[in-house]
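What follows is a single structure, written as structure tokens, with notes after it.
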Amino acid sequence: MDFYYLPLSAPCRSVLMTAKALGIELNKKLLKLFEGGHLKPEFLKINPQHTIPTLVDNGFALWESRAIMVYLVEKYGKQDDPLYPSCPKKRALINQRLYFDMGTLYQGFANYFYPQFKEKKPADPELFKKFEVTLDFLNTFLSESKYAAGDSLTLADLALLASVSTFEAVNIDVSKYEHIARWYALVKETAPGADENWAGALEMKTLIPK
């Protein structure tokens with residue numbers, strides 16, 4: 001099973017942790033985005049959208065990290081796997097957290113941080129305030145249960161761990177958020193592959209403007 005990825009990418013790391021939790025060995029293929037590796041013809045044949053992560057499982061190509069995470073559990077996980085249980089309400093809550101992470105939390109971070117290294121712009125305090133609103137939302141969600149979507153580790157925790165560790169790696173302090181801090185300490189100890197996730201997150205430091 002080929003996995004095209006970049007360690008500093010939070011979406012890639014969320015898939016790596018999912019595979020680790022399921023005991024799946026991935027054939028990791030480092031794709032050097034900053035050198036245009038994603039635009040090479042051989043990769044475009046696999047993924048014309050030229051994004052990572054991309055998984056190829058016996059000829060079946062799939063991209064978008066949350067889609068890959070769900071696919072891996074549904075194909076290789078246990079029946080009613082706790083990572084993504086079969087109960088519609090439990091799945092719905094996990095999905096809500098996954099979409100929140102992708103479309104609100106990490107997007108808020110990207111809006112604030114990416115212009116600083118892509119366009120060499122100074123940090124925008126207003127964009128940071130908007131990002132803090134998304135952290136407030138996450139803090140509220142995490143006040144309701146032990147983990148992100150209930151009392152056991154799920155795909156939601158793995159995706160959110162990849163994001164929050166990225167924030168920490170680029171010196172964004174989440175310790176002032178009581179429930180995020182409690183949850184973050186917990187998942188760093190309980191999420192399979194958390195150490196590899198942190199090592200990848202630290203590569204984000206290379207993007208911090210000097």
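Backbone N, Cα and C atoms are what each Cβ position is placed from, and that goes for glycine too.
Since this is a predicted model, take the numbers as computed values, not measurements.
The candidate list S9, S143 contains one residue that Swiss-Prot assigns to the glutathione site with H50, T51, I52, E64, S65, R66, namely S9. Reduced to three states, the DSSP call for S65 (glutathione binding site) is helix. The number of other Cβ atoms within 10 Å of the Cβ belonging to T51 (glutathione binding site), over all protein chains shown, comes to 16.
Under DSSP, the residues of the domain 'GST C-terminal' (87-208) split into helix, strand and coil as follows: 91 helix, 2 strand, 29 coil. The Cβ of E64 (glutathione binding site) has 17 neighbouring Cβ atoms from other residues within 10 Å, across all protein chains displayed. When secondary structure is read from DSSP and collapsed to three states, S9 (glutathione binding site) falls in the coil class.
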